[in-house]
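For ASN20, the entry in Swiss-Prot reads N-linked glycosylation site, with the evidence type sequence analysis. The phosphoserine annotation in Swiss-Prot covers SER324, SER326, SER328. Sequence annotations record features per position, and here Swiss-Prot assigns topological domain 'Extracellular' to 1-42, 99-110, 174-198, 273-277. Under the heading topological domain 'Cytoplasmic', Swiss-Prot lists 63-74, 133-153, 218-245, 300-330. The transmembrane segment annotation in Swiss-Prot covers 43-62, 75-98, 111-132, 154-173, 199-217, 246-272, 278-299 and is backed by sequence analysis.
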Amino acid sequence: MMWGAGSPLAWLSAGSGNVNVSSVGPAEGPTGPAAPLPSPKAWDVVLCISGTLVSCENALVVAIIVGTPAFRAPMFLLVGSLAVADLLAGLGLVLHFAAVFCIGSAEMSLVLVGVLAMAFTASIGSLLAITVDRYLSLYNALTYYSETTVTRTYVMLALVWGGALGLGLLPVLAWNCLDGLTTCGVVYPLSKNHLVVLAIAFFMVFGIMLQLYAQICRIVCRHAQQIALQRHLLPASHYVATRKGIATLAVVLGAFAACWLPFTVYCLLGDAHSPPLYTYLTLLPATYNSMINPIIYAFRNQDVQKVLWAVCCCCSSSKIPFRSRSPSDV
């Protein structure tokens, strides 16, 4: 992804802040050798390293879920969707680095920009689906474990990936700024309008997640109070348990906001002439979200930890005793 119209990745025109796309071409141009490939800057290398770490983490999660028959519950399908999306995002960052600095292919770079847009959109959409699943598991606790839940999960996955695919195809098909550099946003070759659409979609998802987590906190507090009364627990015990649950939800939502809000706001405020360094500084935390998602939604789960331990000890995951699971465990 050529992160800014003034970015070193964007092959700057001499004396201007616009992108000279014509400098990316075949090995031999019509009048001689093509321009040399750009040299990566420190932040380009950092993004590539981040993509590598993201790919490795999420590939491990995908392998665990696919290779463990016990992980076929709806909640693990959603976590698997999140891991696949983040895996694609990590691979997209690495391949884009290669496309820009090793191959010099503008066409490949454009396709990878679409892949990254699709992957990050699917990642955020999967986070929303996980939040919806958590809420419904508490709100409809008695009917959650039914065929309806499985059907609903597949519907949510279809909507998430269908929407992500649509937004990812837009820059590849036509909605880009290759022919009109003045319409570029902070991420070349995505147009300003495309970035605005993505930003609005993010704020809608974030608003829904805020509302759902607020409802989850209310339900958790009410359930904890009822359990405390039934078991005659001390108020202090009820308070500690409730506070711990709310703190966990706050960490989950806070991490998501801290990673994505800076870049989303910058997409709305910046344009093609904005300093590319700001794009890197706001985009890098967004990639960290794909890095911490496996920790929050997979590796904290005790059953996943058992599988990891079994793999390290060369044991079969089919022999591992799994406890009953609920979405709140993920």
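Even glycines carry a Cβ here, placed using N, Cα and C.
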Mean predicted confidence [pLDDT] for the topological domain 'Cytoplasmic' (218-245): 65
Within-chain partners of the transmembrane segment (154-173) [C-beta distance under 8 Å, separation at least 6 from its ends]: 77-78, 81, 85, 110-111, 113-119, 121-122, 125-126, 128-129, 132-133, 189-191, 194, 197-198, 201
